[in-house]
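Have a look at the structure below before the remarks.
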Amino acid sequence: MLKLVENVVERVSAEEQKPQEIQVPQSSIDEELKKIVEQIKARIYVVGVGGAGCNTVNRMMEVGVTGAKIIAVNTDAQDLLKIKAHQKILIGKELTRGLGAGNDPKIGEEAAKESERELREALEGADMVFVTCGLGGGTGTGAAPVIAEMAKKMGALTVSVVTLPFTMEGIRRAKNAEYGLKRLAKASDTVIVIPNDKLLEVAPKLPIQMAFKVADEILVQAVKGITELITKPGLVNLDFNDVRAVMKDGGVAMIGIGESDSEKRALEAAEQALNSPLLDVDISGAKGALISISGADVKLEEAQQIIEYVTRNVDPKAQVIWGIQLEPELEKTIRVMVIVTGVTSRYITFQEETPEPSEEEVPPVKIDIPEL
């Protein structure tokens, strides 16, 4: 058996060094199979809403997300002009005249409703829709729940991926975020919550501008990681129906990311992911988990260690799905991203809905920004 393994390794290594194109005659069945594959391919759309959401999709265009349509939505024409996307939608042209929502979620909501027809046309045919935004402002907080509700009613698996504002951004933005998150959770199948404050636990001396960039990058990694497990050829891919099974009516979800290049890199990366400050919940009751493993040369034994570690820490009845993406640029590093669904979060309590904040309720607050 060992000799067989050695022979395979030797042959594959030689083939990689001297790739040879094998000429295979094309048949009519091949053409038919290609058409079928194209027809059944999951159509995945990523919608960035508001300033932070548009920054996220702009970054996605830079790094590339295989097999996803990128849509940027904003009320601010000037900001939208700078964004790269497959499609841009300026919402609320009559209401805001392209000047933004002024940190008022109600204006963001009404702007989305005004542009409902254009938004519906953009979402037409989607199997899965990611709605991403930074909560706390006007456009993302107000418009994202409207867009998520549209997508879900149109039959798409709807996953919202959002950040919560830093405490230093003030009480008004915190109240806006609380209101928006409750509405978004009700409008989506799953809402993945990333508390920005937790980034400061990872790197307390991070400059504020860089902290926002890191928050954007985590949003990108979450959406890209899930999408490419479905769309990008990898060592182990996920079927769209696998993802649907975990994220359909998944409720609140949290994300953890870990990586290591040590001798025990697989276990260390898994431990880091589950102990990540971003994973700010007790995951023992999680109803589902999606594991994305990335590396240049992930071994079967390492994948098994990661999956077993995560499985031991969630509900025994939880549905756990996983995939492996080969990323040569990671070299000796293994990266593990874990998204746990169906968790109880202190960020969302479905009691009486918090009314949207107004100028009278939340006076301007002067915040002394600490040195980071």
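The backbone N, Cα and C atoms fix where each Cβ goes, and this holds for glycine too.
According to DSSP, Gly53 (GTP binding site) is assigned to a helical segment. What Swiss-Prot lists as GTP binding site is Gly51, Ala52, Gly53, Cys54, Asn55, Gly138, Thr139, Gly140, Glu169, Arg173, Asp216.
Annotated region 'Disordered' per Swiss-Prot: 351-372, in sequence order.
Per Swiss-Prot, compositional bias 'Acidic residues' is recorded for 353-362.
For Asp216 (GTP binding site), the count of additional Cβ atoms within 10 Å of its Cβ stands at 21 [all protein chains shown]. Shown are the binding-site residues Gly51, Gly53; of these, the residue with the fewest other Cβ atoms within 10 Å is Gly51.
Farthest C-alpha pair in the GTP-binding residues Gly51, Ala52, Gly53, Cys54, Asn55, Gly138, Thr139, Gly140, Glu169, Arg173, Asp216: 19 Å apart. The Cβ of Thr139 (GTP binding site) has 34 neighbouring Cβ atoms from other residues within 10 Å, across all protein chains displayed.
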